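A.B. asks: Sharing the feature lines straight out of TrEMBL:
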type	residues	note
TRANSMEM	A:23-41	transmembrane segment
TRANSMEM	A:47-64	transmembrane segment
TRANSMEM	A:71-88	transmembrane segment
TRANSMEM	A:94-113	transmembrane segment
Amino acid sequence: MRGHGFLIANYVRGDSVIHRTPLWLKFLVVVACGTASFLIVDWAVSLAIFAVMCGLFLLSGAGVRRLLRAIWMVAPILLVIGLFQWWQLGGPTAARIVVNILVCVVAASVLTATTPVQDLLDGVVSLAKPFRRLGADPERFALTIAVMLRSIPFIAGAFSDVRDSARARGLERNPRALVLPVFITTVAYARQTGDALAARGLGEAEEIPEKS
Amino acid sequence: MNLISFSRVSVRVVVDGRDAPKTLLHDFSLELSERRIGVIGANGSGKSTLLRLLNGLVEPSAGTVTVGGADTVTDVRRVRGNVGFVFTDPLSQLVMPTGREDVELSLRRSVKNSKERAARAESVLDRFGLLHLADQSIYELSGGERQLLALAAVLAVNPGVLVLDEPSTLLDLRNRELLRRTLAGLDQQVIMSTHDLDLALDMDRVLVVESGRIVFDGGAAEGVALYRALCAASLGELPHESAPR
């Protein structure tokens with residue numbers, strides 16, 4: 001399978017201010033950006049926040065190329081959304097929605113580019129600890145995030161491969177030739193991943209020592 | 001070495017459109033205690049099913065499988081702690097974006113302290129000569145490097161038994177040799193299915209599986225010779241017109 005693009009940036013080693021910022025604060029910024037996307041009504045404000053998030057990304061030292069790549073990966077989807085919203089609700093609203101999505105993508109990229117995945121998973125485990133009282137296993141929450149991070153680029157790569165295969169057979173205009181193989185590949189991948197995790201003993205409920 | 005025991009085991013699956021279940025493995029009993037065990041046979045013969053029984057990925061329809069005394073159905077957690085499994089395609093096995101992260105993921109259950117976990121992962125990667133690739137995307141690695149990485153991630157938790165399902169199928173000659181040398185240096189009991197008959201000849205004991213039955217159990221040289229004969233016989237049954245040109 002070909003190399004996969006990813007919607008959000010992978011971890012980049014560094015010692016910037018952003019790298020040293022506590023995980024909870026970075027996480028709060030991501031949550032705040034997501035919440036703000038529902039509340040902001042002026043596209044100029046969205047654009048200003050987008051500029052700030054881009055500035056934070058660059059401050060982390062992750063580089064312009066990674067930033068552009070993260071944006072480029074969502075560009076086709078944003079184009080479709082933007083055109084549709086323009087047609088339905090007009091230019092300013094379309095611009096606000098598109099820029100708000102970009103804010104979320106860049107904010108998530110700042111988090112993932114400056115936080116090692118294991119630290120991210122440890123953070124998820126800490127956040128999920130209260131659910132232990134309800135019988136949930138916090139490690140499973142972390143594993144779910146890990147699998148999600150891994151699955152998105154896989155599906156993107158599967159789509160690229162299938163599109164190339166369809167082109168080679170002159171079927172690029174046939175949606176069934178694109179969608180069905182991706183669907184089947186994804187289901188097979190899910191099963192393989194499940195087997196691989198089970199084989200490594202990951203995802204099994206943690207043994208809680210009995211109280212004496 | 002762990003004693004692996006199959007007692008009156010068979011595996012059947014229900015297949016759509018068929019009245020009777022399909023038998024993947026017919027009733028057999030075995031005890032395995034050798035250090036290196038090979039499983040050879042044609043595609044679809046039941047090799048993978050046999051290996052998957054070893055850590056509970058497949059449950060027997062009848063009979064019991066135990067590894068080091070632990071039942072693979074009723075004590076699957078203990079079994080999986082003791083039996084590492086390496087798949088044919090390392091990409092389906094590696095869950096994290098980089099090698100370092102994947103090895104750390106393996107260690108999450110056993111090592112709770114993140115600094116200690118990172119140090120252990122570093123040591124494992126160093127042992128396999130993969131430290132320089134630790135932070136590269138798994139997609140940037142060669143097939144051999146990925147397979148070694150998958151192996152390292154499994155061995156990070158130090159299982160007693162290592163099961164490998166056709167580990168060299170996707171590898172070129174150089175990487176195959178690299179894998180062979182790595183496997184030869186392991187302390188673990190190794191059980192491996194393979195189409196690489198040179199690799200099979202390194203084994204202490206070889207099982208030949210044919211249509212869901214173990215048709216040979218013995219020395220590597222005799223097992224490989226029998227498998228070659230079976231292949232030759234099956235080709236002889238094909239009409240010449242159907243052979244690819």
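Quick reminder: no glycine exception, Cβ is built from N, Cα and C everywhere.
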A.B. asks: Could you tell me whether the transmembrane segment (A:71-88) and the transmembrane segment (A:23-41) are in contact, taking contact to mean 3+ Cβ pairs under 8 Å with a sequence separation of 6 or more?
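C.D. replies: As far as Cβ distances go (cut-off 8 Å, pairs 6 or more apart), the transmembrane segment (A:23-41) and the transmembrane segment (A:71-88) do not touch.
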A.B. asks: What residues elsewhere in the chain lie close to the transmembrane segment (A:94-113), defined as a C-beta under 8 angstroms and at least 6 residues from its ends?
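C.D. replies: Here the qualifying positions are 7-12, 18, 26-27, 29-30, 33-34, 36-37, 40-43, 46-47, 49-50, 53-54, 56-57, 60, 62, 66-67, 70-71, 74, 78, 81-83, 85-86, 120, 149.
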A.B. asks: Can you name the far-off residues of the same chain, 6+ from the ends of the transmembrane segment (A:47-64), with a Cβ under 8 Å from a Cβ of it?
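C.D. replies: Residues packing against the transmembrane segment (A:47-64) from afar: 9, 12, 14, 16-19, 33, 36, 40, 95, 99, 102-103, 106-107, 109-110, 113-114.
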